[in-house]
Amino acid sequence: RLANAVTPLWRLPYQEQLQVKYESQRKILQTLAARLEELGIDAQKPGGLCCPLQPVVPSPIINGYRNKSTFSVNRGPDGNPKTVGLYIGTGRERNIVCVNANHVENIPSKHKQVAQCYEEFICRSPLDSCILFHEGGHWRELVVRTTSCGHTMAVITFHPQQLGQEALATQKALLKEFFTCGPGAVCALTSLYFQESTMTRCSHEQSPYQLLHGAPHIFEELLGLKFRISPDSFFQVNTAGAEVLYQAVGELCQATGDTVLLDICCGTGTIGLSLAHQVSKVIGVEVVEKAIEDAEWNAAFNGISNCEFHSGKAEAVLPQLLAPWEDSRPLVAVVNPSRAGLHYRVVRAIRSCRSIRRLLYISCKPEGEAMRNFLELCCPPDPQKKLAGEPFAPVLAIPFDMFPHTVHCELVLLFTR
């Protein structure tokens, strides 16, 4: 049941998986074409699509490709309240159960090993797991990150409840001892982090990540560059797939030596830095402060001097950056937002900047909030929404299989005007 929930296509041969994904992307482009028609835009192309759709680009690695996994702590099928794994069931039906993920094909063996060791540690601990915040308990989720350089980072979330500093220090010392001298030493962790969190998710600013052991960062190599990764930095979950994706983005940008690349939601700067040699300048914008610190370090370490990175919400930073834009150099925008899509103020700023003639939208969920963005980019000027400027039009779609065995795809949609 867990394999079917987490990796629904795992039983299909890989070529069939790619065909299933192609069909789902085709339906999304048909929906976009129909929605554009409703706005009075003639967007119907052959097959009822809004633009040509290329075949799904396969992932170079099919099994164990994830470089980041998040494991929950909850009751297992055997009733063990300290099971470390992934959820099946729903809160609404009150049938949630946490299942060991050893057989899930997209998770690498190193992640499974760290999860098993964490379960062993918390089962030995006299402290309860925190299943529901208001019911008490302490041990919560585990995040494991690995890189092709052989580095492993573990981040353990802990609800302090009423524990004092001395009791917390004891738990941190026990955790460190287990993973450095005890049974957990087999994991050979590069970094062990601990976060005290009273919420489902906490940023570093809300509750700092505390380094218990090892190096503060792990490192990944991608397209000949070295990238530093912090506990909460965004990095594409499939490194080998990301290399294929970024190379294609570089080609689609059609950048020349005088192009300025605007990298919106830039994370640790991977896209901008990998394309920096093609363009005159890269401007990156990212909300996670630590990711910007990583991006700046990555640029300096790789000897790249034509990049500038801005920390803050894109809707606050971008209008200020673009409003006075009078640079004569061509400006190409690449956006890679979370599933929540772009804030409408970001779309407004992009449309109002005449220098942006080419835009690449990378979406892991194009049928979700990204669809709203596509329509905002393409609709006629709308004074009510303050959407001025010439509209964009979709001209090409390329799906990339960054998530084998799942139904998800990374869609790159090229817009021009």
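Placement of Cβ uses the backbone N, Cα and C atoms for every residue, glycine included.
Residues annotated as active site, nucleophile in TrEMBL: CYS364. Annotation comment: TrEMBL describes GLN236, GLU286, ASN336 as S-adenosyl-L-methionine binding site. Marked as domain 'Methyltransferase' by TrEMBL: 258-321.
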For the recorded S-adenosyl-L-methionine site, whose residues are GLN236, GLU286, ASN336, find every other residue on that chain with a C-beta no more than 8 angstroms from the centre of their C-beta atoms, and list them by sequence position. PHE234, PHE235, CYS265, CYS266, GLY267, THR268, THR270, ILE271, ILE362
Whole-number answer please: how many Å between the C-alpha atoms of CYS364 (active site, nucleophile) and ASN336 (S-adenosyl-L-methionine binding site)? 9
Which whole number of Å gives the largest C-alpha distance between any two of GLN236, GLU286, ASN336, the residues noted as binding S-adenosyl-L-methionine? 15
With DSSP as the yardstick, break the domain 'Methyltransferase' (258-321) down into helix, strand and coil residue counts. 30 helix, 16 strand, 18 coil
When you tally the Cβ atoms that lie within 10 Å of each candidate's Cβ, which of the binding-site residues (GLU286, ASN336) has the highest tally? GLU286
Just counting, how many other CB atoms are there within 10 A of the CB of GLN236 (S-adenosyl-L-methionine binding site)? 24
In this predicted model, what is the average pLDDT of the domain 'Methyltransferase' (258-321)? 93
